[in-house]
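Residues or ranges marked as transmembrane segment in Swiss-Prot: 3-23, 37-57, 68-88, 101-121. Look at Swiss-Prot and you will find G75, T78 tagged as Na(+) binding site, backed by sequence analysis.
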Amino acid sequence: MQPYLLLAVGTGGFVGAILRFLISGWVQRLSPTLFPVGTLSVNVLGSFIIGFLALYFESVVAPHQKALVITGMLGALTTFSTFSLETVTMLQGGLWGRVVTNITLNVFLCVVATMLGMMLFKRLYG
């Protein structure tokens, strides 16, 4: 492993983690619900961006750029572990409706957002 790739992932992760903290906190504060919309929002946003950039990085490939943005920043922005913890916490509280909604929305919306990001890239750049 080349040291500059590790530095790129770490730098991207630093930025992505800060963005996740700010965006998810802001969205959650705006929401009048106990449902984890902050986590959902960063997962959907990150999925849209990764869909768009996946096609970009197919043609403009510098390993450190992909490591910085895809692995580092978007890996830290999106958060499967927090989604899992919030889901388990709802399970333990017997909130079955919220559990099903959380799982369904995260999976469905993230897949759709990735597809929309790819579609936008194709529309803009052919």
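Backbone N, Cα and C define each Cβ position, glycine as well.
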>> Contact between the transmembrane segment (37-57) and the transmembrane segment (101-121) is defined here as three or more C-beta pairs under 8 Å separated by at least 6 residues; is that satisfied?
In response: yes
> Which chain-mates of T78 (Na(+) binding site) that are at least 6 residues away have a CB under 8 A from its CB, listed by sequence?
Replying inline: R20, V42, N43, G46, S47, I50, C110
>> Let me spell it out: take the transmembrane segment (3-23), skip the flanking residues so only those 6+ beyond its ends count, and list any with a Cβ under 8 Å from a Cβ in it.
In response: 38, 41-42, 45, 63-65, 67-69, 71-79
> Counting across all protein chains shown, how many other Cβ atoms sit within 10 Å of the Cβ of G75 (Na(+) binding site)?
Replying inline: 19
